[in-house]
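Residues or ranges marked as active site, proton acceptor in Swiss-Prot (evidence: sequence analysis): E94. The active site, S-methylcysteine intermediate feature in Swiss-Prot is assigned to C344. Look at Swiss-Prot and you will find C114, C118, C121 tagged as [4Fe-4S] cluster binding site. Annotated S-adenosyl-L-methionine binding site per Swiss-Prot: G168, E169, S200, S222, I223, H224, N301, in sequence order. Under the heading disulfide bond, Swiss-Prot lists C107-C344, citing sequence analysis as support. Taken from Swiss-Prot, the feature domain 'Radical SAM core' covers 100-339, and the record attributes it to sequence analysis.
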Amino acid sequence: MSEKKINLLDLDRKAMRALFADMGEKPFRADQLMKWLYHFGVSDFEEMTNINKVLRQKLAARCEIVAPEISSFQKSTDGTIKFAINVGQGQEVETVYIPEDDRATLCVSSQVGCALECTFCSTGQQGFNRNLTVSEIVGQIWRVSHFLGFAKDTGERPITNVVMMGMGEPLLNLANVIPAMDIMLDDFGFSLSKRRVTLSTSGVVPALDKLGDAIDVALAVSIHAPNDELRDILVPINKKYQLDEFLAGIRRYIAKSNANRGRVTVEYVMLDHINDSTDQAHELAKLMKDTPCKINLIPFNPYPGSPYGRSSNSRIDRFSKVLMEYGFTVIVRKTRGDDIDAACGQLAGDIRDRTKRLAKKRMQENQISVTMN
């Protein structure tokens, strides 16, 4: 049986150089190859003209360049594009491109599904399947860059920012997320600024400490409630890592980080008459007073079967004003792509359909059982 080929999109620069050393090649050859991959989007070794023919043949015999494919895409009226990315085994994840006047952000998934079961999030309600590999994470950027056109073709960078805010909890997939972000930041990779790569977490505190020791990127933290009692319901991982512990971990990360410029972004979804009262705004302000942050209020994006409603503009405005009275910088996130279910909390991919099929199957089995009894 032939040996499985190495997918070069799985390798950060350290691993790529180790592979080339194993082949008896100098480190700069690995750097050249990475540049072909990520600056020019080349996947055919024969097109890598500054790499000699013998090495190209060695690479072709031992390695491959395989990224997940785009299955389909939908374009919103506001220009947002939601991509369904086929990661094999009949599974898909969703990746969202958000163009703005001064930037173009790609929202990337880290897992097929999510295990955290946040009650306001469509992805969290669909269950967890598996972690994505490095090539499946960076491959989302690579494929969308091909779709939009690399800088060599268009004259401008197609993606300026990456946010790890798609499907999944990134800190539960650190083994693949860290090398993937290394490739995003690497000068021979996607060459993004560390301030333009953001990881969002719901609070896996031990993994947050490991992240801070391994890499420096911007951090967004999903708080969503001003106290443990409510957060236990909205974000069930809070039962394991409560707010005091999470906030202490955030402060440790800030102390290690330059990317965050001394503060993180707090994400707070606005749920009608659940977490959006002025009393809760005062409570949130007091909770966050010792943690340097700006606060991003996110109008809830309903999904089929969701138990919550979106806060009214007037309630969001009152909540925001209370926080500003305490001196916080407050941003109300503009909802993008909600007409194609691409907004925050709406991503579910193929898992939604699979969950529906499983639920239908269980219901049918129960009906059969009742009939037999």
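Note: Cβ is positioned from N, Cα and C throughout, glycine not excepted.
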Candidate binding-site residues E169, S200, S222, H224, N301, pick with smallest Cα gap to C107 (disulfide bond): S200
Mean of pLDDT values spanning the domain 'Radical SAM core' (100-339): 95
Other CB atoms, at most 10 A from the CB of E94 (active site, proton acceptor): 25
E94 (active site, proton acceptor) in three-state DSSP notation: strand
CB within-chain contacts under 8 A for E169 (S-adenosyl-L-methionine binding site), separation at least 6: S110, Q111, C114, A115, L116, T201, S202, V204
Top Cα neighbour of C121 ([4Fe-4S] cluster binding site) in the set of recorded positions E94, S222, N301: N301
S200 (S-adenosyl-L-methionine binding site) to C118 ([4Fe-4S] cluster binding site) - Cα separation in whole Å: 14
Spatial neighbour of E94 (active site, proton acceptor) that is closest, considering only the binding-site residues C118, G168, S222, N301 and their CA atoms: G168
Pairwise CA distance, H224 (S-adenosyl-L-methionine binding site) versus C118 ([4Fe-4S] cluster binding site), rounded so that it is a whole Å: 10
Least surrounded among the recorded positions, given as C107, C114, C118, I223, when other CB atoms within 10 Å are counted: C118
Alpha-carbon distance [C118 ([4Fe-4S] cluster binding site); I223 (S-adenosyl-L-methionine binding site)] in Å: 11
Residues that sit under 8 angstroms from G168 (S-adenosyl-L-methionine binding site) by C-beta distance, when 6+ apart in the chain: V93, S109, S110, Q111, V112, G113, C114, T123, F128, N131, L132
DSSP state at H224 (S-adenosyl-L-methionine binding site), helix/strand/coil: coil
Local backbone state of C121 ([4Fe-4S] cluster binding site), from DSSP in three classes: coil
